[in-house]
Amino acid sequence: MNEIIVGEYKIHSLLKSFADKDEERNVYIVLNKSNEKFICKEIIYTQNSNIDNEKRKSEYINLKKFSDTIKYPHLNISKYIEHFIILENQQEKEKIKKQYIITEFYDGGDLSSLKITNKKCFSIKNGDIIYLFLKMLIIFKEFQTVIIHRDIKPDGSIVNDYYLCDLGSSTQVKTINSSTLIGTNQYIAPDVIKRGGYTGTIDIYGLGKTLLLLLNRVQQNQYNKINKILFEMMCSNESTERPTVDQLIEFMVCQYDNISFTEFDDFTHPLSKDCIEYFKNNKLNILKKDVKPIQIKIKIKEKEYRAYGAIQALLRNFYYIDNVISIEDNNNNNNNNNNNNNNNNNNNNNNNNNNNNNNNNNSDGPIEVAEFEWNENTDRLASELLLGHFKTETGGKNYEIANSHIEFVLKSEVLKSLSYHDEIVIDRQATPIYDNFINSDDSQAQIPPTSTKCIHIFSNHKYNFQKFIRDLPYGELTGDVQLKAIFHLILVIFEIAENGPDFMYNALLEKNMGTLFIIPPSSETTPRPPTPTATTTPTPTATTPTTTTATTTKLSQHNFKFLFPFRSYAFSHSSNTKLHIFLNIFGDHTKDGLIVDILKLAKELDKTKLPTVDIILQLIKMIQKEKCKLLETYSNSGLDFYFNNFETLIFNYELKESLTKLIDKNKIIHCVDSLNQILTTRYFYFVENHYKCYAIEPYKSLELISSFNENKNIYIRKLLHYSSFPSMKRFKYIQTYYDKVNNSHYFVFEIPKKLLNTTKKMELTKQSSSTTTKIDRMKIFKNLIVQHLNNIQELKTHLKSIYEYSFNLVISLEDDNKFELYYSNSVSPFSSDGFIRSFYDIGKWVFGNLNNQEEEGDQLVKMKSYFSFLRILSELSWFCNILGSGNVHNSIVYNELNIYYYLKMLLPLLNDIKINVFHYQIQNDIFAKIIIGNTQYNIINLIEPNHIDDPFSMVQYHLYIMELEKIETSDKFTCLRKQFNQRPQKQSKIFEIPNPNNSIDEILIEPTLIVQDINTSFQFFKVNGIIKTIEDFNQEKDYSNIIILRSFLYFLQYLFKNPSKTTLLVLFDIRKIDFDNINSSNDIDNESIPQYLCFDFLYFIKQMYGIDIYFQFEDFLEIISTRPSIVSNIIQSNKKKILNDIICMDIIENDISMKDVFYLLSVDIIKTISPTVNLVIYDKRYYIQKEVGSISKIREWKKFGIISSHPDAVVFLKYGKKDLKSAMLDNGKVNDENYYGIAVEDYMKSNELNILYYLLSKQEEPDFTNIERYYLENDKIYAMFPYVNGSCNLSEIDNLNEMDLLNILYQLCFQLHQLENLGIFHRDVKPENIISLRYGNGGIVVFIVDFGISQYKGKHLENYYSRDGTFGYQAPEIYREELRGDGDIKTQKYKMDVFSLGCTMAFLIKKFNITSTYLNDFIDNMTQPHVCKSFKK
């Protein structure tokens, strides 16, 4: 814009705009002379504005006051820069006419702009919400006695550390304005609507609504349910039931003290701790004596406790509660804190007496503790508890799983000494539970217990190590304590990884209830948890840290225990947490260098994807080397306990593993997968034993491999037989070792000893193509290919078919600097594509990623073509011969001679390779073959064009270009093969097109033959040249290249002329479409080699709009032929390019079939009336243009790649786009056909457009408010209304008398009555939505317009009382339930329009000073607050 708005500031862009009868507000981004960005709020007051001058001044006064960073450094307020005011002269005093307020600019946007990002993460997390909450509490505390903000909403908080902005609605506390209606509809507290006066709790309401909105937006699998309950309490309809700022601060400080060291992510924001410290340092968390703290209760076995954290996991009925603190103990603690602060000079006995007195006054009653007794002699109720809660049926599967996990820990000799200590576990038993056991303090609901049973595990969090070190001074945490904690975790994780179930190991890594505890030595009298008597010792809190155990003995003499992550279900996925992350519990605050070395080695080994047991063994070996040094440095610290356990662990493990104990982890080689590069889960151990060398290949859960069990003996015999081949360098199979405990197979092969000495040279991950020249790499490639072909020939003489089994290639650098091939058979049988991939593997190993090669030229192009050919042939072979298992109408036939021929044909530099053993056969059988239908074709070449794979499409496909030769006739074809994502079908349909339609100047070429089924489609063309796709011309990423547009229009022309015989995939001769560029080119190749554009209409529409029209093409064709559609949207959105292109205009204007359907609208905007309404000129006539909708689902698809409103979209949000298909298969969602795209009939939704055409069909005589036409452009739907000069809305009219008002009232009542008869209620009647026109005789006519939020009768009930609309004209029952009638809800909604009409008339009466008693009484009756007393229309 660059328009100077005020002072030195230029407008950069408009952010928001708002206007009502009193004022107009515009928010701009502006630039100063230095091009720095600022926010400018422009406020323009109307001539009849009711806002007094003091209120106008408060716009900048409050902001300026609280922007003082010296006085208020802790407030995150949008900082005031300066302001400008423009005055209007009046007789009595000067009023502000305009004002401009300049504030700082924050580029994070406001909270309302937060959207879902990539994969399963969101742009804001739970920790961010809590940090925002804490920052708002700091601001509210400062505002508590000064001002009320009155407009807390997402639009008012900036995302960039979070700043509160827009203090325009704020007011002084306890002033005359305390009952003024100001704020944003969705966030206005009910007490504002009642106009009975209010305090700062209305800001609590608005903040609660904002936090709930954010919580719902970021809600993930696990969240703290307590936060949701707290936010709902803040949104209570009664102001007296909402917590105060002081209560909220006290609650959040207690919550921080109790859960910040647990797995809750509430306080993960790095600045949250600073907010808590601010509260504590200023003693803001200490309540006054008469203020009761917030209590959110949890009911356990009929007893109530105050809860600070509750996580509800969404998997398999699993629940647990963290850190339950008994209400009585908490009251004692609060009273102790209060009394201690008020009476610092009293002695301990006086404090105890005060505590007891306060306890009698404030406690809700004693809590029985008998059910928590550990034994008959000792009463031990922990004041701090962790409750592991497993909801399951006693005797059921889940119950047995959870119980078996506990028994596993108790029976393990190793774990018995490492975990489950008396001081940790208080109780474990199955008891009745309540389905909904979390209630707020004021909840009176009585929920009967169910018959379901559960397992409770009560643990004492007083000894939690994370909490312990959090409250401990940094200097007291010594190196030996840190080492003992790390050693303890190493022993625990090894025992679970070696002998425990996988899902327990995964849960342990993810820290689900897995907790490390520090216990005082047994020689010391252990501090007991308090018993609820008159002499109870207060529970440690933020003001009394838990450090009593550290003061009585040296910290190094404490012991560690572990509570395992017991689960009532089996993990179905592997943990994403790495071992080095699990062990890193101290961050950067380590006190011993060995810990740094442990974490560094663990991180390196994590990358190798070695089994956890093997990683830990290496860690222990490194630790053992430092044994003497550590025992000398940290004497009498208990480290010898861990070293003794390490030695026992290593001895037992090596004794158990007869062969695998010999494994040297420094000698490991990974296997290669052709398409997925290096496989980190497939590898060999290379070991040495008795002067022989072995390769040990581990496999987990081998029974999952298809056909292995039933063919196991045959397969192993063949492996043994292969090892006798004299010339092939193969791994000699020795035996298979089975580990029953871990359900793992170890395949042992004997290898040449020299391989053991060159293992590091063999590692494929370290092979670099930059170490050799281009010629050297080609020489290496030749050598390896010769070896491989000769080996294949020998293998073929011993085995009927080499294609039934796949094998792994190992490439070794020998002593003479030559590379040699070694082989080992894969344990995955029946992989026919393995043979082809072996050639691809060699090329990939030698040349690396060809796409990243720096050198260019013909040789690189040919290498790329060859390897691409092998990869495509491998994929086709796998699908046809394996997945299909013979149930397909197409199949691949090939042998090693074919691969050799393609090698020489596509890589001419290898023509000097001589392989005499089969050289004489080459002329007779040189091509691989494909059978399509019942016809055989030679495969001349295979090409993968530039195409985008889309995993969401139901008919998404891989496109391959096949150059084929029909064996019977030697005819050559270009075949385009599409691979759908469906299971193979043997039945096929063959379509022959004897007379292809080339009537469009021979530009469009149809296929001559189509063979297809539900799974694959082969389309044959008699052309020879280069095939390109629309992606080759999609440089702007919007498919608006002129070649694409011309092809699109040509195809539409072909489509309308031949709707009955249309094929959806055709070729266009690029030389004829883009003849201007071709003719002007000096490139001889472009003129001599034909080029064709593959235009697939299915693919084009899918890429543009996400719509699959494959199964609904007839419906789609009818839509685009009869009315505006996405096709006309494409044309209209590209009208400038089309109008300037002779070919495009010739197609549209000179073809009747096109001209009647598609036309270009040149609409020029004359004036912008509102963000969605413009005065325009079209075809020399004036119109009102209004945006009445958008292709909403298409917009959503373009942004997210899927329709998130679909009920299964949670799969996308959870797993991300990459893993959606596999996730859907796991969740059984694959059968929902509508999931993959947008239904044709649903892509364009506009409720207003439907209503407008419905009204037009019911009216006998059209008027100037009737829609004349609509069109689509840039994915938006625009309606066009005729414009009549002299018309205006009622807010703009300047002269009305009493008779005019009566006439207007009559007309509007009649129109609302008509709407009611048609089943429509308007929902936004106001002066701005009523158009008036005065005739020459003085008469006036009015019409209701703008049906943007109108509703049909019978729609969802929640829409009836939606807060959409204009505040000040909405019926009060929208905001207050008690004002709603008891009758039929479907009739009450029309009374809302009556109320809005009454408010509109009241506005006009006041504006024109109408004193008619009759009219005023009539309007008063229309605006009665109770629905039963309002007039009917």
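Backbone N, Cα and C atoms are what each Cβ position is placed from, and that goes for glycine too.
Predicted, not measured: the structure shown is a model, and the values here were computed from it.
Swiss-Prot lists ASP151 with the feature active site, proton acceptor.
According to Swiss-Prot, the ATP binding site annotation covers MET1, ASN2, GLU3, ILE4, LYS41, on the basis of sequence analysis. Cβ neighbour count for ASN2 (ATP binding site): 7 (other Cβ atoms within 10 Å of its Cβ, all protein chains included).
Among the features that Swiss-Prot reports, compositional bias 'Low complexity' is placed at 332-362 (among others).
Taken from Swiss-Prot, the feature compositional bias 'Low complexity' applies to 533-550 (among others).
Among the features that Swiss-Prot reports, domain 'Protein kinase 1' is placed at 1-272.
Residues or ranges marked as domain 'Protein kinase 2' by Swiss-Prot on the basis of sequence analysis: 1177-1433. Averaged over the domain 'Protein kinase 2' (1177-1433), the predicted model has a pLDDT of 76.
Summarising the annotation, Swiss-Prot assigns region 'Disordered' to 332-366 (among others).
Positions annotated as region 'Disordered' by Swiss-Prot: 521-550 (among others).
Every protein chain considered, the tally of other Cβ atoms within 10 Å of the Cβ of GLU3 (ATP binding site) stands at 10. A 10 Å cutoff on Cβ-Cβ distances gives ILE4 (ATP binding site) a total of 11 other Cβ atoms nearby, all chains included. LYS41 (ATP binding site) has a Cβ environment of 23 other Cβ atoms inside 10 Å. GLU3 (ATP binding site) carries neither a helix nor a strand DSSP state and counts as coil.
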